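Just below is one structure, and these are the notes that go with it.
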Amino acid sequence: MVQGDESCSTQLIDGDGNFNVEGVAKFMEQVKLAECGLSYAVVSIMGPQSSGKSTLLNHLFHTNFREMDAYKGRSQTTKGIWMARCTGIEPTTVVMDLEGTDGRERGEDDTAFEKQSALFALAVSDIMMINMWCHDIGREQAANKPLLKTVFQVMMRLFSPRKTTLMFVIRDKSRTPLENLEPILREDIQKIWDSVPKPAAHKDTPLSEFFHVEVTALSSYEEKEEQFNEQVAQLRQRFFHSIAPGGLAGDRRGVVPASGFSFSAQQIWKIVRENKDLDLPAHKVMVATVRCEEIANEKYLKFASNEFWCQLEESVQSGPVVGFGKKISSLLNTYLSEYNSEAIYFDESVRSAKQKQLEEKLLQLVQPAFQAMLGHIRSETLDKFKEALEKALSNGEGFSVAAESCTTLFMDQFDERCKDIVIELGKWDTFKVRDKLQRDIEAHVAAVRAAKLAELATLYETKLNEALSGPVEALLDEAGDGTWPAIRKLLKRETELAVFGLSTALKGFDMDEITREKMLAKLDTYARSLVESKAKEEAARVLMRMKDRFATLFSRDSDSMPRVWTGKEDIRAITKTARSSSLKLLAVMAAVRLDEDRDSIESTLSSALVESGSSAASKRSLTMGDPLASSSWEEVPSSKTLITPVQCKSLWRQFQTETEYSVTQAIAAQEAHKRNNNWMPPPWAMVALVVLGFNEFMTLLRNPLWLGVIFVAYLLIKAMWVQLDISGEFRNGALPGLLSLSTKFLPTIMNLLKKLAEEGQAPPTPNPPQNPIQVSKSIYNGVNSSTAFSSSASSEITSSDDRVEHSSS
């Protein structure tokens with residue numbers, strides 16, 4: 001490439017017919033041809049070899065084409081086709097210098113390359129300059145005629161030729177005026193046009209339909225250089241604004257935009273070299289297709305690598321972006337506008353098609369981010385809906401009202417937020433995502449509704465559990481005639497309260513009557529099942545309950561005080577009463593009686609278990625058989641049976657066995673108490689004592705001092721008796737009693753003597769001397785406090801003191 005101050009040139013096609021792709025690309029970049037759009041012109045020149053074409057171009061357009069050195073002889077200077085920018089001419093004008101025709105260097109190949117270059121020049125040029133000698137005008141065999149024939153013949157290979165300006169430049173004009181030369185030249189041109197074979201479609205088409213003919217003449221460059229320069233300067237002015245209406249190429253057609261010139265020229269030359277007919281409209285479409293696709297791909301790649309888009313795409317992955325739709329739409333419009341500005345001069349249909357493809361590719365690139373934004377909006381709206389619904393419910397708002405109001409509110413919010421992300425070109429609807437959000441909200445509402453209903457059911461079941469479990473257990477523990485009526489009354493009251501509360505709570509759920517009745521019925525069933533399960537639990541512990549009741553009634557009196565078996569109690573009656581009460585407990589636990597159906601369980605158990613010892617019951621059992629030899633009760637369904645008759649009989653036997661020991665112990669304690677409290681000798685011993693001890697008795701009466709000695713001895717013996725708890729020690733047997741007394745006797749005597757000594761050494765007091773009985777009492781108390789005896793011994797001491805005081809008085 002050759003560069004000047006403002007001009008640069010490059011070889012477009014070399015002498016071997018190779019298209020210089022890289023050179024043309026650099027040339028277009030250097031002259032910024034791609035930015036011209038349609039505002040550019042292409043001028044080409046052809047003519048005989050060494051006819052001064054390059055010289056004319058250099059003077060006319062200020063280019064720097066290589067010129068022939070006249071001192072070296074005439075030879076081929078321009079090989080192939082060269083291209084240069086015209087300096088100082090607007091619009092941008094590119095001139096092509098074609099290899100001269102009729103040259104000796106090419107020999108036989110001259111005609112072929114001549115036609116190829118001429119066809120190429122006609123296809124790409126707006127103005128074709130034909131350089132010819134003035135003295136050849138009017139001659140039949142002169143060099144201009146073969147040249148014109150070549151131009152017209154190759155023109156026929158253009159299916160739809162563009163209207164090209166043919167400018168005949170007459171060199172070395174003689175004295176003959178141009179006004180006389182021009183008609184002759186035009187007549188020769190018309191004859192050549194008429195003689196050229198034409199296709200049927202253009203057989204009668206005039207020359208003016210294909211060419212705009214201009215004729216100009218220049219003086220000799222060598223002989224009249226100054227005049228030549230003046231005429232060239234005048235001719236140069238005609239190339240200013242050549243493509244404007246009225247200009248040299250004002251009526252041109254089928255112009256390829258400047259950005260596609262390189263590709264178009266390359267494809268045209270390829271077709272020409274392959275010796276194919278050239279269809280310019282089809283070629284124009286092909287060029288437009290390639291260039292528009294290149295421009296579209298370039299804009300797509302720029303958009304994909306755009307920093308703002310990359311940041312936006314990355315931000316969308318983590319969360320919603322405010323103003324997403326406007327930002328993306330603005331970015332898309334920017335790149336589409338750039339595409340339109342660069343491709344505006346190409347074929348409209350091709351440009352529109354490629355623009356549509358670019359839009360689709362860009363939208364495909366943007367759509368994932370759009371879908372991500374929709375997903376963020378949907379998830380955020382759903383989360384906010386959940387929070388709002390929960391808050392509304394916690395504030396006491398009715399479920400149906402809260403769900404409906406929150407659904408309407410957040411669906412409207414979703415629609416509003418979707419408007420912010422809508423991309424104008426995309427025309428994507430949000431209905432699918434909206435429907436999914438609607439389904440998600442409905443599913444959440446259904447789930448919360450089910451959870452709240454379950455929570456309500458659980459709440460009232462818990463209340464029923466609290467209200468029934470303890471009282472039912474207490475009533476069953478007391479087990480009497482009014483137990484099951486009381487349980488039924490309790491069950492009815494608490495169930496009605498729970499059902500009323502649940503029914504009131506369900507009003508906010510706007511449910512149908514059938515579902516509501518089912519829930520209330522389920523709660524009623526739960527209450528009954530709760531009582532039945534509690535009854536089953538208590539029935540499983542019936543034996544323990546029976547033993548506890550028997551122990552309570554047998555070992556405690558009517559005032560709930562522990563019984564002391566003194567011998568006056570009727571153990572048989574007490575035992576019968578306690579067992580009858582335990583039997584009633586068994587009868588109550590035998591079946592669930594939540595319905596007011598009557599049964600004969602208690603009478604059957606009483607007759608079979610308690611009255612079985614009587615003669616009447618024995619006769620009845622012999623005639624009727626054992627009423628408890630069955631696995632079910634009469635008038636009681638198996639679902640309501642807790643303890644079968646066979647189980648009752650087994651439990652009663654076990655109960656009797658385990659309570660028999662308590663009765664036996666009571667009887668033994670009563671007998672032992674009788675023996676311990678009966679100190680009077682038998683009557684015969686008393687009579688013998690009176691008869692045999694009469695003399696001793698009379699002696700005592702005669703000597704009252706012995707009475708005092710005997711009385712003191714009695715007090716000491718009584719005190720020793722109480723302190724040693726002789727009666728208590730001998731309850732466990734004679735030998736254990738003796739062993740225990742032997743260890744306690746000496747310490748007790750020493751303790752008594754010590755107390756007596758302390759009392760004798762005490763200083764006298766002004767108070768009168770106390771009764772000896774009281775001293776003895778204090779001695780007894782001191783001994784008792786130092787030797788930690790049982791409560792029974794203490795009670796006996798108290799009773800003994802009372803008797804002593806009574807005797808002394």
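Note that Cβ sites are derived from N, Cα and C of the backbone, with glycine treated the same way.
Automatic, uncurated: that is what TrEMBL annotation is.
According to TrEMBL, the protein has these features:
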type	residues	note
BINDING	GLY47, PRO48, GLN49, SER50, SER51, GLY52, LYS53, SER54	GTP binding site
COMPBIAS	787-798	compositional bias 'Low complexity'
COMPBIAS	800-809	compositional bias 'Basic and acidic residues'
DOMAIN	37-252	domain 'GB1/RHD3-type G'
REGION	787-809	region 'Disordered'
TOPO_DOM	1-680	topological domain 'Cytoplasmic'
TOPO_DOM	726-809	topological domain 'Cytoplasmic'
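Fewest Cβ neighbours within 10 Å among the binding-site residues GLY47, PRO48: this applies to PRO48. Averaged across the topological domain 'Cytoplasmic' (726-809), pLDDT for the predicted model comes to 53.
Within the set of binding-site residues (GLN49, SER50, SER51, SER54), the lowest number of other Cβ atoms found within 10 Å of a Cβ is recorded at SER50. Just so you know, of the binding-site residues GLY52, LYS53, the Cβ with the fewest other Cβ atoms around it within 10 Å is the one at GLY52.
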